[in-house]
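Q: Okay, so TrEMBL annotates it like this:
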- 1-30: signal peptide (SIGNAL)
- 75-133: domain 'Cadherin' (DOMAIN)
- 134-242: domain 'Cadherin' (DOMAIN)
- 243-347: domain 'Cadherin' (DOMAIN)
- 348-452: domain 'Cadherin' (DOMAIN)
- 469-526: region 'Disordered' (REGION)
Amino acid sequence: MGNSSGWRGPAGRRRLLFLFLLSLLSQALSQPIRYAIPQELDRGSLVGNLAKDLGFGVGDLPTRNLRVIAEKKFFTVSPENGDLFVSDHIDREEICGKKSTCVLEFEMVAEKPLNVFHVTVLIQDINDNPPTFSENITELEISELAITGATFAMESAQDPDVGVNSLQQYYLSPDPHFSLIQKENLDGSRYLELVLKAPLEREEQLHHHLVLTAVDVGEPSRSCTTQIRVIVADANDNPPVFTQDMYRVSVAENLPAGSFVLKVMATDLDEGVNAEIIYAYINIGKAVRQLFKLDSKMGELTTVGELDFEESDSYTIRVEAKDGGHHTTYCKVQIDISDENDNAPEITLTSESQHIQEDAELGTAIALIKTHDLDSGFNGEILCQLKGKFPFKIVQDTKNTYRLVTDGALDREQIPEYNVTITATDKGNPPLSSSKTITLHILDANDNVPVFHQASYTVHVAENNPPGASIAHVSASDPDLGPNGSATVSPSSGVGLDLGALPPRGDSGHRPAPRRSSRPATEGYFQPGLYSKTIPGALPNYSERTLLYSYNLCAASHSSNTEFKFLNIKAEDAVPQDLLCDEASWFESNDNPKMPSNSGNLQQVSFFKPFLP
C-alpha cells in the first residue's frame, strides 16, 4: 500500500514538526508581550528587547520598520537593535490614580508584511508620595457631658500611592482621655474616629492637645502629622440623630451644574440654639468639593462640577451634623455614577502605504486601524466597518485593532483611486459613531496588451512612386501607464521590413527613407520610416505610425493584380529570404500563406499595386 498521506518518513516528520512549531509561534504572537517597570524611570531607560521577544532577528529590523502606535507614546523602539525604551515621564498616580493595577497598553506595528502585536507594560508603584493632612491644626469641640465611648470623626490623611506604599497606619499621641480607631468605607478607603475613653471635666481642663501621625510602610517609609486641639464645651443634653446611617443614590453622568442629588436629615430633641443643626463635610478631598455642594442648613447635596463616569464611577462622602450645643453625629453618603453614551469612538489610522498595486493578491494588508471608546460596557463596545462597497474589507486582529485588506480584484484602468470611509460605531443607545477616510491610489500593472485600431489594413500602391512616399498608416493603443503603455509597432522581419523601436508616447520622430537599391528589378521591398503625431480626441496611449516605402516595386508580368501581404510575425518565425516576384507562395492573392503553428496572434497589412500591361 502506497504512502498516500505524505507525512511518513524523515521528510514527513520534519514537516509535521515545522507545522507544530509554527502553530506554537502563532499562538505565542497572538498573546500580548508583557513587561513590568517601576514608575518614574528616566527617559531612555531600557524596558526590554522587543525584537527578540517578537522573534525577529537583527537583520529583519531595517525592512520590518517596527514602530509604536499609541495615543500617548511613553515608549519608543530602537530601529537598530529592537530595544524598547522609555520616551516620556511616567507618573503612575497621574495615569491611573488610585487603581490597584496600572497597565499601559499599546500596539507594535511591523511592515512587510503588515503585522500588529499587542504590548502591555505594568507600571509598578514606588513610594514617591508621603501622606498629607489638609490642615496642620484641627479644632474639635466636645461637651463635658459626652459619655465614655463616644466617637468623633477625624480627618484622614491622603496618599496617592497604592499598595504598601499607600497610607497604612495612624498613631495618636498618648492621652488618658482619648484613643483612636480606624474603619473602612465600602470603596476600601479608611477613616478615623476619636474615642472618648474617660469623662471630661471642663473645670479641670479646658483644652486637650493631641498629635495625630499618618505613616505608610513603603521603602523608605514616609509620614506626616497634624495637631488636634480639643475644646471641652459646656453641657448639651441631646445629640442630633440622622434619619439614616447610610444614604445611597445613583445619578447619571453629565448632569448640569446645580442638579439636585439627595438630602440628608438629622433631628435634635433639644430646643433653641441646642437644636439648630449645621451640616458639613468630613474628611473629603478637593476633587469631591469641586463636584458636590452641601447646603449647611438644609442638608441638600447638589452638583457644582461635571460628573464623568470615565473619571470615577462612585463617591463616598461623610457628612457631620452638629447642633448648637456642639454635639455631633455622622452619616455616609454613597453616590454612584451611571454611564451615559457620551463618547463617540475614536479612530486612528496608520497606513503602510496609500499606494497599492492593481495586481495585489487578495488579503494584502493596506492599513492598520485602531479604535478607542472612553465609555464602558455596551457603550464602549465598537463595530468597525467600511461605508460603501469596495474591493476591500476590515479584518479584526485584537479587541480594538483591525487591518484594512484587499477583498477583490483591482483594475486601475477602471478605477484609479478609492476614497475608503471607515466607520466605528458603538453599541450604546443611541449609538455614536465616527468616521475617517483614506485615499488609496492604485498603481499600474502591465495587465493590458496593445490593441490595433483595425484588424487588417489594405493599401493600394501605384507603381513608380518616389522613395519616401507614405503608403500606409497603422495605429495601436494601450490603456496602461508609462512604460507599460508604450507600444512598439513593426512589420514582420520575414518580409524585409524593419520599423525599429517606436519613440515613447508623446514623442515624435522621423526616419528618412534609404536610397534605391541596386538589386535586380524583379525584387521588391518596402522600407518603413518612423513618424508619430498626436490625434485630437485620441486615447492617452494612442499612437499613429506612417509606413513609407523607399524602393520601386516590380510585379511579375503574368499577374494583372498582385497582393503583397506583410504579416506581423515573431522574429524566430520569419522566412530568411527576399520576396521575389516569381515566388508565388507569398504573392498569390487567393491563397493563404502557410505560417508555422507557433506564429501567435497575427496582424495583417496588405499592399496592392495595379499592373499596367
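Every residue number used here counts from 1 along the chain in the order it is shown.
Heads up, the Cβ atoms here are built off N, Cα and C, so glycines get one too.
Just so it is clear, the model here is predicted, and its values are computed rather than measured.
Each of the listed features needs to be described in terms of its position in the shown structure.
A: Helix, strand and coil content of the domain 'Cadherin' (75-133), in residues and according to DSSP, is 5 helix, 26 strand, 28 coil.
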Q: Is it possible to list how many residues within the domain 'Cadherin' (243-347) are helical, extended or coil according to DSSP?
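A: Per-class counts: 8 helix, 47 strand, 50 coil.
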Q: Across the domain 'Cadherin' (348-452), what are the DSSP residue counts per state (helix, strand, coil)?
A: 4 helix, 55 strand, 46 coil
Q: Where DSSP helix means H, G or I and strand means E or B, what are the helix, strand and coil counts for the domain 'Cadherin' (134-242)?
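A: Secondary-structure composition of the domain 'Cadherin' (134-242): 3 helix, 55 strand, 51 coil.
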